[in-house]
Amino acid sequence: MAESNIIKIPILGKESIIVGNNITAYIAKDVVSSIKASTYCIITDENVAMHHLEKLENLLTKEANALGRRVLSYTIPAGELQKCRDTKAEIEDYLLLNKCTRDTCILALGGGVIGDLSGYVAATFMRGCTVIQIPTTLLSMVDSSIGGKTAIDVPGGKNIIGAFHQPARIFIDPQYLRTLPLRQFRNGMGEVIKTAAFWSPEDFSLLENNVEKILAFARNESEDGADIVQKIIQGAANTKAYVVTHDEKEGGLRGVLNFGHTIGHAIEAILAPAMYHGECISMGMVYEAEVARSMGLLKDAAIGRLSRCIQAYGLPVSINDPLVDENTHGKQKEITVDRLMEIMKLDKKNRGTQKRIVIISEIGKLYEEKPTNVDDEVIINALSPALKVTPVPETQKEKFSLNVPGSKSISNRALILASLAQGKCKLKGLLLSDDTQVMLDALKYLGIKYFWEDNGDSLVIEGSNGKLQVPTDEIYLGNAGTASRFLTSVCTLISENGPKTVLTGNARMKERPIGPLVEALNANGCDIQFLGKNKSLPISIAHNGTKLQGGKIQLAASVSSQYVSSILMSAPYAQNPVTLELVGDNVVSQPYIDMTIAMMKHFGIEVTREPNTNIYHIPAASYTNPETYIIEADATSATYPLAFAAITGSTVTVENIGNESLQGDSEFATKVLQQMGCTVSQTAHTTTVQGPVRGQLKSIKIDMETMTDAFLTATVLAAVANGETEITGISNQRVKECNRIEAMITELAKFGVKASELEDGIKITGTSIASLKVPVDGVKCYDDHRIAMSFSILSLIVPGQVLIKEKRCVEKTWPSWWDTLHNVLKVKLDGYDTLPDEMKKLAKEVKEEPKQFNDASLIIIGMRGAGKTYMGQYAAKILGRKFVDMDWYFEQELKTTIKEFIPSKGWEQFRIEEVKLLKKIIAENPTGLVISCGGGIVETEDGRDVLKQYASQGIVLHLTREIKDIVAYLSKDETRPSFAEDITTVWERRKNWFQECSTHEFYVYKGNKNVEDEEYWSEVDSDYKRFIEFICANPSSDETKFPGNVHIPPASSYFLSLTYADLNEAIPILEKASEGSDALELRVDLLASQEKEFIRQQVSILRRYSSLPIIYTVRTDGQGGRFPPAEIDRMFELLEYGLKWGCEYVDVEVDVIGKGKEHRIELTENLVNRKGNSKIIASYHDCSGTALWDPHTNASINTNTTKISNGPKRLLRMRDKYMELLPYGDIIKLIGFAHKLQDNFTLYTFVKEIVPSLGLQYKPVIAMNMGPLGQISRALNGFFTPVTHPILPFKAAPGQLSIQEINKIRSSIGLISPKKYYLFGSPIAYSQSPTIHNTGFEVLGLPHKYELSESEEWTHVKKVVEDGIKDGSFGGASVTIPHKQNVIEHGIVQRVTDAAKAIGAVNTLIVENDEEGNPIVAGDNTDYLGIKRCIENRINKVRKSDDKFIGVVVGAGGTARAACYSLTQLGVDKLLIWNRTTSKAEELAKIFGGEVIQNLGDCLKTESDANVVYAIVGTVPAAAQVNMNFTEFFDSGKKGVIVEMAYKPRRTPLLNAAVAAKDSHWETTEGVDVLIEQGLEQFIRWTGRIPPSQAISEQVYNRYSE
């Protein structure tokens, strides 16, 4: 495209601003010809350089070389962080290095950061050189490039250091915006809208009426908008140029450029960088416009236009906007009104307690040409989410008159009618509210075009004559019930083929009924499906080339008259004339039906009603738009100011509603207020009410069926009327924005008013005004506008201020209600911020643990014979859900068997029915099920579509095993018809379908097992349980841990890098090699094969033989691995498998900056979006050794990191790589290279100081250096340090160390302080505890020591502990008799854990910090954990998924309490306790909810069910077991786990009897095993490290045998 439309804009007396499309060549010529310089230096950033630098540099070089001048360029990393002293120094050093002089001309090619930074360099280099601005972002084009402000950011604030330095030229080319990310374009639109809003009504209209063209240009979808984009940029640039020219140094006028900035900057201070400047200013504009409205200076229509325009460009309008939540992840909850006001205090424009805010009086017009002084109170009221209403003094009896907004009911009907009609229609008086905006947005989706006129007071709609388009996306309707019902019928008029239209809404809308309307339309040939529950939204409407048939339609209209109006308005465009018959109970809200019919007549369609019936005839015809249609005022809204008069005893006249209104609610004054004692007078268009003496309202009994929405107003008046008021005919109010009847009863009770529910209404017992109470926690509005406005009326006479929460809900129908109440009706309102109260309440409440698993139904697919039924049932048991086999469901629903169905109907029909039923069960059960599908569900495209759609929001699990095993199984299966073709052939056809339809895959790993026996399935169950628990888990409430219980910093962690080509070789040594590690890294690139089946088996091996989480890594050749870096698609395919297989961590090499990275970005983003519960490690390995950890140095010694030549120049800094990785990773991994020892300490500073100083979201960092000198960095790294082990064949990377080596280094440099641990008790000489802990310390290289401290005196224990706490040497202790209770009773411990309390004894002392950071001693009990771990480690060998789990405790001494507690923690179905002394057993049973068994031999005979597994804990000393009859105890045919607490001798009578039991399967555990397990738990609590259990066990058994 050639350069065009070059426009020159004057600023400060010179035509320095040049605007035009495709003007790069013009820029080069103009710069060289008009600005004489020895050197032209382009400063840009990496993002801009990849798109625009080369062309500009080449053209500029061509022009400059012809005159003997040179061109340089310098490229810096992108981002706000570069606008700093360091980068400024970098650029200056580069200029000096290239011998640039004062006659250098700097060209700033980029956005605001580049413009500000380059401008400041130019202002100071050689005491000032020429600068040219070439802005490439919309924000910089219309704002920062114009005016000469230059600056950098420093720790003290943004733009604090800088200078005014006017550019010689500003070149604005809209074509640069074609490469700008859409969000950045929208960000700039915030400033464009701002400028038009305060200065140019013409430009604002241009913005309003060309949204699609402008955004299409921004999305690179069309060139049609190029000229419009140039016009809007010119308009904004013209405005700023004019202001700057008349006020260059901010004397007064220039302040008007800050419209939206006073509040917007305060928001930005909290939400940046997650929210951009233009986004924050957009919110600020709306808030500041609301301030203007509250001052009586701006109309609702203007705020409506402003908000609509901002939203149309995808910008937020409030801090509660979904866009804010999406980008800040809830950080907007940190924004309190007080915090915003504190930030605004720092604005230098303030005057005392007043803030300086730019006020507009209408769109495109300033109230005054400078910021206006505004009282804090006004701003607080506008910002606050709630208000306190001050009662009106009894002496205040003024007369008031006012207008109310347009009718919501008429507005929505007019929008539908005008959109369906032929021709144009100007709608005047349209209600500007949330509800009508929802309707307008929806109509736009259907292809309706409209524009605003008369300064936003009128809307012109271009009618479609019933020709609607298929929406391109689902239509979100929020809580707009009217829109949902009207549009359901309208969407059935779409006659073209296309995808289904989906109507959806918020949570409440998904509860509001729409069933009768849908059923009536479906009966008329429409295809509308419910996608959720309750016969509510969301719904889908099919478009098959036909539309609503017409003819006779029967409709139940006892729930909502809107169903009737919906069909009535759409009926003229049906294929045939419509006869609508209303059936069932009484029709509700007949006046609204009459209103619809009257309006249809105005638009040219006459509906006839058969006399004395509910049968209506609608002709097949077209509406004709009247030139103008005036919408009358909202009669329901009018009830509030009229009720004001009634309750306060004053006089109010509503000027725009009278007795000629179409609306039933217009009779409220005569039928309700007059009956309650008010004086009422009406004309055709006005209504006046004078209230009685305060407190003299009368109670009434009234049927309000013709004005149901007004019942809330009548209810609050009835609250202070004399006697009982009964309101009936309002049953439909239960299905509005909330259950209004129930809500009114609840909220009235807070005022001390009694009310009760009638079958179709409400009864209120009036109370005296003096008896009214102030609601303690305020009025909850249920997000319902009518509740908020009604209770604001009752609040006027309560003796005290009443808090009305959710004040913004009134925007649904009367956005300026609170301003009207304050400014017109003279009610004092005080803004109130409810957020601090909510946060305090949350802090006081006991936090409820989130559910362990999410509720979404789980779908399982796979070949027949893969184990879907068995594994599905087991998953249902794990997750606590119901299991449904689709084969069973098929037979239940169709009342036949599959074996009978297929021979008679065939496979094709079977597949059709199968898909229908799957859709049905998903729609009816989006939560709570595990659904097992038939193997052939993927055979049809429809089936695959259903699965893919569900996979976009839920889990579809592909269950698979070796095909040969499936064939073997199916050869024996006679329950289903046999395959008509070879099973292997079927698998080959389906396997890719299974892959594309599933989110996860579980492979049934067989290992070296040849027989699928009980032991085989027990191992599979264990693998599967871990997999299911991970992929279905809800996010943990424990923010200190990642998957697999990996602690985040400051706790240290390690992962073992496995280097085997085939992990089968690693199985024998895996446990030993992983001692002390927190995770295992599977290096896919090092495996013998990168085929899916081989890798899947490797993952399964790790899951089978280790409990540690898996880090799944595909490392490329360029970053220290072996995978070919050119095979990007293949690499990401392998990474996708890692997510599918439920690997807890997936390492992703992030490389998204530079030319040609669009595909890489897309692959990376898709992967991150599909991660589920897996964590992404975003990694970068600097194998070239050129990256710098220090952001302040220009180059590292011993390596050349810059080139002095033309072209992009930059230093590769780890800070910039960190920024590149941050958006994609949950963990950031940066690996550099140490050229000198100091590089390691620079790295340490980077992690500890530089990263936190960036002020960004915290994410754990793995940071290390390669090279011989970099080994110490592995000791300095605190999180997920990759380690090796001497037993491995080779290291995954040069310089890797073992955990022992790292800890020894850490100890030697003071990062680990040596601690002393003790065993307190007596006698303890033969204890194995020192062996357990000292072995662990030695193997892991920890400098600690565990020793015996024998004494029977508790004072000894107290002294050792207190002395150790004082000098910092005490690390923890084991406690045995006689001190298990002493440590509690004598205050040695300051906190006792729940476990220790329940067991009644402490066996472990732990040092922890209190809330102030002071060390305290906590008492815990790990005995129960030793028992629990022993059972958990063995139970799966004998337990089936459907077994009943029975716990048995033999004995009732001190150890028995730990046993009972352990079994209850395991969740046994029943706890049985036996003891010689029954009373002691009864005592335990009472505490732990157990059952006492009288005879030892009966312990295993209580259950008649054969499917029982037992966990038996023996707590009787071995010597006392001699006379116990265990032969009778171990009845034949039983199975389970036995844990023996006695450990001398190793084989006790209990264990020997178990081994000798006939036909039984008992997994036995010796007492020494429990001792080891509880010791391992102590080790974890003391050190935070996973102990080397194998080495510890070996040492203990060796010592034990000695």
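The chain as shown is numbered from 1 upward.
Each Cβ is built from the backbone N, Cα and C atoms, and glycine gets one as well.
All TrEMBL annotations are machine predictions without curation.
If you check TrEMBL, you get these features:
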| type | residues | note |
| --- | --- | --- |
| DOMAIN | 74-186 | domain '3-dehydroquinate synthase N-terminal' |
| BINDING | 80-83, 111-113, D116, 136-137, K158, 176-179, N187 | NAD(+) binding site |
| BINDING | R127, D143, K149, N159, E191, V192, I193, K194, K240, H261, H277, K348 | 7-phospho-2-dehydro-3-deoxy-D-arabino-heptonate binding site |
| DOMAIN | 188-350 | domain '3-dehydroquinate synthase C-terminal' |
| BINDING | E191, H261, H277 | Zn(2+) binding site |
| ACT_SITE | E250 | active site, proton acceptor |
| ACT_SITE | H265 | active site, proton acceptor |
| DOMAIN | 401-821 | domain 'Enolpyruvate transferase' |
| ACT_SITE | C809 | active site, for EPSP synthase activity |
| ACT_SITE | H1181 | active site, proton acceptor |
| ACT_SITE | K1229 | active site, schiff-base intermediate with substrate |
| DOMAIN | 1319-1405 | domain 'Shikimate dehydrogenase substrate binding N-terminal' |
| DOMAIN | 1448-1509 | domain 'Quinate/shikimate 5-dehydrogenase/glutamyl-tRNA reductase' |
Which listed residue (R127, K149, K240) has most other Cβ within 10 Å, given these are binding-site residues: K240
Spatial separation of H1181 (active site, proton acceptor) from T136 (NAD(+) binding site) - C-alpha basis, Å: 32
Rounded Cα-Cα span from H261 (Zn(2+) binding site) to K1229 (active site, schiff-base intermediate with substrate), Å: 38
For H1181 (active site, proton acceptor), the one of Q82, K149, K158 that lies nearest, given that the binding-site residues are compared by Cα: Q82
The domain 'Shikimate dehydrogenase substrate binding N-terminal' (1319-1405) touching the domain 'Enolpyruvate transferase' (401-821) per 3+ Cβ pairs under 8 Å rule: no
Minimum Cα separation from H265 (active site, proton acceptor), reported as the residue among recorded positions K158, L177, T179, C809 that achieves it: K158
L177 (NAD(+) binding site) CB neighbourhood, other CB atoms within 10 A: 22
Taken over the domain '3-dehydroquinate synthase C-terminal' (188-350), the model's mean pLDDT: 88
Sparsest-packed of the listed binding-site residues (E80, E191) - C-beta count within 10 angstroms: E80
Counts of helix, strand and coil residues, the domain '3-dehydroquinate synthase N-terminal' (74-186), according to DSSP: 50 helix, 33 strand, 30 coil
Position of peak Cβ density within 10 Å, selected from the recorded positions V113, I193, C809: I193
Cα separation, H261 (Zn(2+) binding site) to C809 (active site, for EPSP synthase activity) (Å, whole number): 25
Lowest local Cβ density (other Cβ within 10 Å) among binding-site residues: G111, T179: T179
Candidates E80, Q82, G111, V113, T179 (binding-site residues) - the one closest to I193 (7-phospho-2-dehydro-3-deoxy-D-arabino-heptonate binding site) by CA: G111
Between K240 (7-phospho-2-dehydro-3-deoxy-D-arabino-heptonate binding site) and V113 (NAD(+) binding site): CA-CA distance (Å): 19
8 Å Cβ shell about E191, H261, H277 centroid, Zn(2+) site members excluded: L139, D143, G190, K194, G260, G264, H265, G278, C280, I281, G284
Close in space, distant in sequence - H261 (Zn(2+) binding site), Cβ under 8 Å, 6 or more apart: I281, G284, V358
Number of other Cβ atoms within 10 Å of the Cβ of Q82 (NAD(+) binding site) across all protein chains: 25
CB contacts for T136 (NAD(+) binding site) [other CB atoms within 10 A, all chains]: 27
